[in-house]
Amino acid sequence: MKFTLSWLKDHLETDATLNRIVETLTMIGLEVEAVDDKAAFRPFTIARVVSAEPHPDADKLQILKVDAGPDCNNGAPVQVVCGAPNARTGLIGAFAAPGTYVPGIDITLGAASIRGVESFGMMCSERELQMSDNHEGIIDLPDDAPVGTSFAAYAGLDDPVIEIGLTPNRPDCTGVSGIARDLAAAGLGRLKSGAVEAVSDEGDCPVDVRLEAPELCPGFALRLVRDVRNGPSPAWMQQRLMAIGMRPINALVDITNYVTFDRGRPLHVFDARKVEGNLVVRRALEGEELLALDGRDYQLGPDNCVIADDRGVESIAGIIGGAHTGCDETTTDVLIESALWDPMNVARSGRDLGIITDARYRFERGVDPEFMVPGLDLATHLVTELCGGSPTKAQVVLGTPTATDGTIVGSTGHHFREVDFPLAETRRLTGLDVGREASIAILGRLGFAPRTTDNANSTDAAASESVRFIVPSWRPDVEGKADLVEEVMRIHGVNEIAPVPLPSQGSVGTRILTTLQIRSRLARRALAARGMAEAVTWSFIPHAHAKAFGGGKPALALSNPISADMSDMRPSLLPGLLAAAGRNADRGFGDVAMFEVAGTYESDNADGQRRVAGGIRRGTATLTGSGRDWNAPGETVGVFDAKADAFAALEACGAPVGRLQVTRDAPDWYHPGRSGAIKLGPKAVLGYFGEFHPAALEALDVTGPLCGFEIFIDAIPEPRRKATRTKPVLSLSPFQAVRRDFAFVVGTETAAGDIVRAAAGADKQMVSDVKVFDIFEGESLGTGRKSVAIEVTLQPRDRTLTDEDLDRISAAIVGSVEKATGGTLRN
Amino acid sequence: MTELADLEQSLMTRVADAGDEQQIEAVRVAVLGKKGVITEKLKSLGSMSADERKTAGPAINTLKRRITDAIAARKAELRQAAIADRLASETVDITLPVRVSPAERGRIHPISQVIDEITAIFADMGFAVAEGPDIETDYYNFTALNFPEGHPAREMHDTFFFPPDSEGKRKLLRTHTSPVQIHTMEAQKPPIRIVIPGKTYRQDSDATHSPMFHQLEGLVIDKSANVANMKWVLQEFCKSFFEVPSLNMRFRPSFFPFTEPSLEVDIQCDRSKPGEVRFGEGNDWMEILGCGMVHPNVLRSSGLDPDEYQGFAWGMGIDRIAMLKYGMPDLRDFFDADVRWIDHYGFRPLDIPTLFAGLSG
């Protein structure tokens, strides 16, 4: 919403400076987004051409001597070379001295030599001063224009323009008068009366209005003005409209725009001679069309409310008029419409049709129903003033039947809302102590009237604690007492509220994070400590990527994705990370290790959102580092890098890693021979790791050595809360541990994990650790065989082991492994 | 006696000539061993007369002592030399580089780090951290938060929707973290002090808008929390978060469907230097958050009586305050997973934000 300072002062009597007005607007909730103080127009001076002589070397140029008053060039005439055809001795125009910035051509003037003649400034055209598009000649002012004074002041170009960002709850401030009311309430001056005199009219409006869609049109007022002369609107009106960025068209149209901004009251004018028969307000028929005033054709349907005549649709209700019945210079009889429209319907129609107009902006927020007829009268006055003509009586049709439920019913059937306001509510919600009289005064200045005067002035205790206010018709946003608290607070001043500490909890804080939150943090830090970079990737990924990783369900595909490659909620963190690895590789960074701890989506239910830590490594980005190094083999990443990451993350999260099993049944986007599932018991899957299936990588269009993992943080069982933080007693054996090596020849299919488990299980008391330290395959073993060498640590508790003990335990280990794997001890 | 003197001289020469530890050991065996020269000499004392013994005994023993000492000295000398040789042969090029440790290479994303910073501050004020799902119902995202039917935010232009289910109901991606307000109030009786960090989604994409972004919601519900308390909480938060001793904040009345009264908050800053924001000085006001007293309709939706309970809520962009504090110029980079960006703007895994050590160290 834009307006000028002088326009504001039409409604507000004030001495306040522009700065104070701007600051106050922002602090009462009408945030000022831009101020143009028009300082750029200050340097232009009214000047008279004292003499005009032909330029010796150019046919179209003249050499002017210009008198710009005593303050310019010490009163001596200034020489200006000018190409304007209308430049002549005696012309009075607008002069710009060297150093002046000329906004219309975006140039700062300098003294120049034009075809050998020096020129010290210029005489400006209207376009150069952004007054119009006219560049035919220089500005030509009447003889009485005061030479030597400010041209901007003379022409009204010095009127500052203020733009506020209006919140959607304040339709009353879509008009300058409403903004003035708020400022007056905030103590910045006195609100001038906006009352509109009745129109002296004669005869009924010959055009009838019928409401076929009364649910969309609470009220409709129409008046005919005969014998008008439509032409350009007066300069003052054009100036104001241009200042706020509107193009003047003709007086009748400009009047509707002016009232729209002056009062927040949109109007429409029809050329009465182009209207056939009577008007009807109805829903458009499927397939009806309108060529609108913006020159575009609109396809309409029953969701759109229209005004039609016998010919068809002539206007889209509350949004835009039709070109056919538009007013131009030939218009002699004009129908002025001032109506009320259903805000929701206007909003939806406007959105569906893609039309943004000043009328829609106001109707979808809610136009003051009480001002429907005064708005029509105001426009009628302006029409008769500027275009002459004789008005008929207004025809007023109401859409909503009036009910009697004790509320006050307005002139258009609008029910005045009433709000009981306990005056202590302001302190309760804001901490502000405003006081009874001050609160009532603030609300009064905003148009909230106590329901009865005796209530407001009552000495009765209960009544004095609470006052029933009638909400003004221009404030559809005010529904309850909290709204009135806001009114009192913003006008009294938010700055008056001194910060007050929240009461302390009275104790040292305790743990505030949930186990899931704690584990997510720990997983992040643990993975980052393994040299990985944390990424945050999109929750939505391309459909093909989702499908390749077990997703792609229709229920998790967005109906309105922002683009095709952000269409499906991710079933896994891996596609996003792998695609990111691909992008990094394309940029020349092929060795990357990245992880993410975030949500994946199995269903659209709350419990379908999993908390996952996932990571990938590409190229040579192993734990020790990436790229070649004089001291490292520089191998590419593989399944065991991913396995190590997965276990590190699980361990950081507090999963019982000692009890976890690794099985071969990872999902099919993993390499079937180089991947695994990590389980706690047969059902509870805590994660997967491995290298990837070529088909999955192909679907993502990524290449290179890659491995990755995902662990499901939300699947890790909640740790048991123990009553004490005391750690178990440390029991150290005084007897030396013994290490024994064994090598078993087994089938190549045999899992080393089975050998380890069998060895560990051979004597649970004695075996404290089993390590795999060598794997060997070779011809000496025969095909399909391999040797797995393990180191077993035996920890005696009560005595040193004897040779007999060792033999017995060794035999048990060999027996256990052979039984479990079918292998034999290697000789 | 010259015999002994000659012997001593020749033995001393042998000791001096020994070139390594092995040779000196051989000399020792040859001289002092069971069959050694001096051992033999000592043995010969037995066959001497008492007188002869009287002079020869001390002489031979003196010789033995001298030779023993000489051997020991030479041995020590040779060991030193051997160690020096070994060490010299073990010399390496210590200018060869070592690899950076993984904990130095790894990075925490700025969003995670900032959430940890926020958590540290609000934990100190007695807040807990709540979370909620990204996929929400229309009820929790709009209706319960007092968005009227037909509100523009409910349209496809602003909100991501999923296909309608068999009953025609469409789930959506939450457009703010505010639904968690309702979930929390439904699950827990006041007093409530929570902050809610999380992902949010809107149909928007340019340099400052991303279809996915992160919000921090705050909610305080009890029987007395008011705008004055809210001002304090937000001022303390901003001061702590931006790590400045003082900060000018401007609370402006505004509008949100779920709060009444509603306010927007600007902070004073200096943006005259490109790429740098300084808080607590300068002439610019930068909007950083929206807040207000929880709307009575929202309290009612959550089963609370607005005449008994009251409180405030706020919402701010985590990405935005991260950008303001740490200077990232473009929001879209947050989600691009460019390792160069993460390496530059990310945090080391052991830089864990705490109040006692300063949020950013």
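From the backbone N, Cα and C atoms, a Cβ is placed for every residue, glycine too.
Quick look at what TrEMBL lists:
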- A:ASP477, A:ASP483, A:GLU486, A:GLU487: Mg(2+) binding site (BINDING)
- A:38-152: domain 'TRNA-binding' (DOMAIN)
- A:414-499: domain 'B5' (DOMAIN)
- A:733-826: domain 'FDX-ACB' (DOMAIN)
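The binding-site residues listed here are A:ASP483, A:GLU487; among them, A:GLU487 has the most other Cβ atoms within 10 Å of its own Cβ. With all protein chains in the displayed structure included, the most crowded Cβ environment within 10 Å among the binding-site residues A:ASP477, A:GLU486 is that of A:GLU486. Per-residue confidence over the domain 'FDX-ACB' (A:733-826) averages 92 (mean pLDDT, predicted model).
Each residue in the domain 'TRNA-binding' (A:38-152) gets a DSSP state, and the totals come to 8 helix, 45 strand, 62 coil.
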